[in-house]
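Visitor: Structure provided below as structure tokens; questions to follow.
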Amino acid sequence: MYKLVLIRHGESTWNLENRFTGWVDVDLTETGADQARQAGKLLKDAGLGFDVAYTSVLKRAIRTLWHVQDEMDLMWIPVRNEWRLNERHYGALAGLNKAETAAKFGDEQVLVWRRSYDTPPPALEPTDPRASYDDPRYANVPRNEIPLTECLKDTVARVMPLWNESIAPDIQSGKRVVIAAHGNSIRALVKYLDQISDDDIVGLNIPNGTPLVYELDADLRPLRHYYLGDQDAIAASLAAVASQGKAR
């Protein structure tokens with residue numbers, strides 16, 4: 001049996017402000033840093049360890065991983081920073097307040113933009129300063145692969161090559177893997193692992209800073225999965241994530 005741990009980054013500054021973030025590189029709040037440290041403690045107390053870590057190229061996920069590694073005394077393990085694990089690109093919604101956007105366009109439209117499988121938000125213009133073409137962290141990414149908006153289907157399409165070519169082989173070679181990433185890149189992985197339908201994925205939310213442990217068979221099919229931590233607090237966190245895109 002293999003184990004895989006997925007962790008969404010701790011609360012970010014734009015999570016706190018209820019803004020669409022996507023590829024904008026905002027940092028953790030102090031609450032988010034505390035969540036990440038607590039995640040590391042939970043993993044250590046559960047007797048889990050890691051041989052390799054994966055994260056995105058965005059600091060809120062990177063710093064979350066740092067706190068987890070520090071709490072577990074695993075700062076030395078190799079880390080792969082992969083743009084394919086970035087948050088879904090929210091296009092022209094990046095930086096907008098979710099509740100204000102819902103008040104303008106309606107809760108239903110914002111839910112479609114946030115959670116539907118194949119409907120992207122309005123795209124950025126290529127000349128928009130929020131576009132990532134000139135960002136040095138994507139210097140080796142072909143220009144046509146750098147998005148101006150994404151739906152979850154697009155996020156799955158960029159995450160799965162990394163799973164197939166790197167993450168899955170690492171797991172099957174016996175390495176213990178942790179992935180610190182983002183709500184939608186983790187939703188993409190969970191959709192694949194649990195074979196969630198395109199319709200049902202709309203209802204899946206991922207809480208900040210909470211370790212999600214998968215136990216996998218030899219073919220990397222899930223035997224079970226569970227969150228570490230206080231289950232009532234996790235339920236409250238999931239409810240809070242679900243309500244972010246509603247008009248106040």
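Yeah, the Cβs are placed from backbone N, Cα and C, and that goes for glycine too.
Given the structure is predicted, the values throughout are model-derived calculations rather than measurements.
From Swiss-Prot, for reference:
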type	residues	note
ACT_SITE	His9	active site, tele-phosphohistidine intermediate
ACT_SITE	Glu87	active site, proton donor/acceptor
BINDING	8-15, 21-22, Arg60, 87-90, Lys98, 114-115, 183-184	substrate binding site
COMPBIAS	127-137	compositional bias 'Basic and acidic residues'
REGION	118-137	region 'Disordered'
SITE	His182	site 'Transition state stabilizer'
Visitor: Which bits of the chain, at least 6 residues beyond where the region 'Disordered' (118-137) starts or stops, bring a Cβ under 8 A of a Cβ in it?
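Guide: Those are 20, 23-24, 57, 83, 90-95, 112, 143, 146, 148-154, 198, in sequence order.
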Visitor: Just checking: which of Gly22, Arg88, Lys98 have a Cα that is within 10 Å of the Cα of His9 (active site, tele-phosphohistidine intermediate), counting only these binding-site residues?
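Guide: Within 10 Å of His9 (active site, tele-phosphohistidine intermediate): none of them.
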Visitor: What's the CA to CA span in angstrom from His182 (site 'Transition state stabilizer') over to Glu11 (substrate binding site)?
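Guide: Checking the Cα atoms of His182 (site 'Transition state stabilizer') and Glu11 (substrate binding site) gives a distance of 11 Å.
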Visitor: Count the Cβ atoms, other than its own, that fall within 10 Å of the Cβ of Gly22 (substrate binding site), considering every protein chain shown.
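Guide: Around the Cβ of Gly22 (substrate binding site), 25 other Cβ atoms lie within 10 Å.
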Visitor: Among the recorded positions Glu11, Glu87, whose Cβ has the fewest other Cβ atoms within 10 Å?
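Guide: Each of the recorded positions Glu11, Glu87 was scored by Cβ atoms within 10 Å; lowest is Glu11.
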Visitor: Measuring Cα to Cα, how many Å separate Glu87 (active site, proton donor/acceptor) from Gly22 (substrate binding site)?
Guide: 5
Visitor: Please count the residues of the compositional bias 'Basic and acidic residues' (127-137) that DSSP assigns to helix (H, G, I), strand (E, B) and coil.
Guide: 2 helix, 0 strand, 9 coil
Visitor: Let me know the most crowded of the recorded positions, choosing from Arg8, Lys98, His182 and counting other Cβ atoms within 10 Å.
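Guide: When each Cβ's neighbours within 10 Å are tallied, Arg8 leads.
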Visitor: Does DSSP put Gly22 (substrate binding site) in a helix, in a strand, or in coil?
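Guide: The residue in question, Gly22 (substrate binding site), is coil (DSSP, three-state).
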Visitor: Which one of these recorded positions has the most other Cβ atoms within 10 Å of its own Cβ: His9, Arg88?
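Guide: Most Cβ neighbours within 10 Å: His9.
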Visitor: According to DSSP, does Lys98 (substrate binding site) sit in a helix, a strand, or coil?
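Guide: DSSP call for Lys98 (substrate binding site): helix.
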Visitor: By the DSSP assignment reduced to helix, strand and coil, which category contains Gly183 (substrate binding site)?
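Guide: DSSP call for Gly183 (substrate binding site): helix.
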Visitor: Using all protein chains in view, find how many other C-beta atoms are within 10 Å of the C-beta of Gly183 (substrate binding site).
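Guide: Gly183 (substrate binding site): 20 neighbouring Cβ atoms within 10 Å.
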